[in-house]
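If you look up TrEMBL, you'll see 31-145 marked as domain 'PurM-like N-terminal'. If you look up TrEMBL, you'll see ASP33, SER48, ASP79 marked as Mg(2+) 4 binding site. The Mg(2+) 3 binding site annotation in TrEMBL covers ASP33, ASP79, ASP215. Annotation comment: TrEMBL describes ASP50, ASP127 as Mg(2+) 1 binding site. Per TrEMBL, Mg(2+) 2 binding site is recorded for ASP50, ASP79. The feature substrate binding site is assigned by TrEMBL to HIS57, GLU268, TYR320. Taken from TrEMBL, the feature ATP binding site covers TYR109, GLY126, ASP127, ARG153, SER217. If you look up TrEMBL, you'll see 199-302 marked as domain 'PurM-like C-terminal'. The Mg(2+) 5 binding site annotation in TrEMBL covers ASP218.
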Amino acid sequence: MQLQDIGEFNFIDSINSDVINDASTVVTGIGDDCAIYKANPEMEQLVSIDTMVEEIHFSLRYMTPYDVGYRLMTANLSDIAAMGGIPRQVVLSVAAPKALDVAILDEFYKGIKDQCKLHHVNILGGDTVSSQEGIVLTVTIIGEVPRGTAVLRSGARPGDIVGVTNYVGYAATGLGALSYGYDGYDMTILGHQRPDPQIELGQALRMHGVTSMNDISDGLASELHEIAKASGVNIVIDEQIVPLHEETYTLAKSLGTRPVDYALYGGEDFQLVFTAPKELEDTLKKIGQITIIGQVLEGNNIVQMVTKERKIETLEARGYNHFGN
Ligand SMILES: Nc1ncnc2c1ncn2[C@@H]1O[C@H](COP(=O)(O)OP(=O)(O)OP(=O)(O)O)[C@@H](O)[C@H]1O
Ligand SMILES: Cc1ncc(C[n+]2csc(CCOP(=O)(O)O)c2C)c(N)n1
Ligand SMILES: [Mg+2]
Ligand SMILES: [Mg+2]
Ligand SMILES: [Mg+2]
């Protein structure tokens, strides 16, 4: 069955179940001109939007529709995580060709709803339109954080340490393995298809007093530059300590590429990169899943890496650039 067979309104009716996971904050959900939600007056509201375009952000050759929905939510939840926030509400827009199989959209929604349920987030509404070609999915997410405590990109100070969560370069390894049709990359392929946002770690890092934070959507080099620029500092990291998965080393070896480049320029890991006062190092390590990879220096926007050969390499602000080549 195609979207044109059931029409816009039947489609909207069909998704209006399992959308509220925390009824205490909802006055009116799907079904009116606007949704109404209740914000906690003790908290500040976080709001962010991200879009996923077919064949740019995902391909149904490499991902199931369920994965696409799941990862769409992850990309948005990840921006809330990067502020140390608690995700609460989403509204989402779907543009799809009239001839799209309804079963594909149902699967997108399963992925979206499962991820929302996991994080107690409500789907308050959305928009459904037709496109001439390809699927475009957009989510606006609302989260909250106790007043004045959100972790910005601008708080890094000389002397701070730089840390990351889990592995970086993980999703790019999986995408590479998929595009070359390689076997034996199960973990990183899952990292591309079903990445998870670091919501709990983001909140833990905020509560421990990290000074700046960013999520890794475009690649470590680009995210470090954003922190360096916003904070007016230099950053130096050590190639030898950047946490890469075994499969990243294997893929790099077989393609003759440098392993750390997957972390620096790959993106879509949805891990967190942060800075913190040096005296927090031991406490932060005790949280687990955290590696200290460098330090913040006085300066203005320069990001460098000490290579395995112990040479200093200046990193460009190069990550994924939609209008680059
Ligand atoms: N078209 C736009 N109009 C207004 N503001 C924008 C627009 N595009 C981006 N921004 C703003 O620019 C800043 C950086 O956005 P960007 O999308 O790079 O961040 P991000 O969502 O963390 O990264 P990514 O999109 O790679 O996940 C944000 O404050 C965002 O709101
Ligand atoms: C089919 C396919 N081709 C390429 C990529 C890689 N890719 C696309 S967008 C992006 C950065 C984040 O984008 P944004 O800044 O919009 O959040 C990256 C690394 C992919 N995921 N799927
Ligand atoms: Mg964005
Ligand atoms: Mg972000
Ligand atoms: Mg984003």
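Even glycines carry a Cβ here, placed using N, Cα and C.
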Three states by DSSP: which one describes ASP33 (Mg(2+) 4 binding site)?
coil
Least buried of the binding-site residues TYR109, TYR320, going by other Cβ atoms within 10 Å?
TYR320
Compare the Cα of ASP79 (Mg(2+) 4 binding site) against each of the binding-site residues GLY126, ASP215, ASP218 and report the nearest.
ASP215
In angstrom units, rounded to an integer, how far apart are the Cα atoms of SER48 (Mg(2+) 4 binding site) and ASP215 (Mg(2+) 3 binding site)?
13
Taking the Cα atoms as reference points, how far is SER217 (ATP binding site) from ASP33 (Mg(2+) 4 binding site) in Å?
33
Given ASP218 (Mg(2+) 5 binding site) and TYR109 (ATP binding site), what distance in Å do their CA atoms have, once rounded to a whole number?
25
Ranked by the number of other Cβ atoms within 10 Å of their own Cβ, which of the binding-site residues ASP50, ASP79 ranks first?
ASP79
Predicted model, mean pLDDT over the domain 'PurM-like C-terminal' (199-302):
97
Name the secondary structure element type, per DSSP in three states, that contains GLU268 (substrate binding site).
coil
So how many of the residues in the domain 'PurM-like C-terminal' (199-302) end up helix, strand or coil by DSSP?
52 helix, 24 strand, 28 coil
Around ligand 1, within a Cβ distance of under 6 Å, which of the binding-site residues ASP79, TYR109, GLY126, ARG153, SER217 show up?
ASP79, SER217
If you compare CA-to-CA distances from ASP50 (Mg(2+) 1 binding site) to each of the binding-site residues ASP33, TYR109, ARG153, GLU268, which comes out shortest?
GLU268
Determine, using Cα-Cα distances only, which of these binding-site residues is closest to ASP127 (Mg(2+) 1 binding site): ASP33, TYR109, ARG153, GLU268.
ASP33
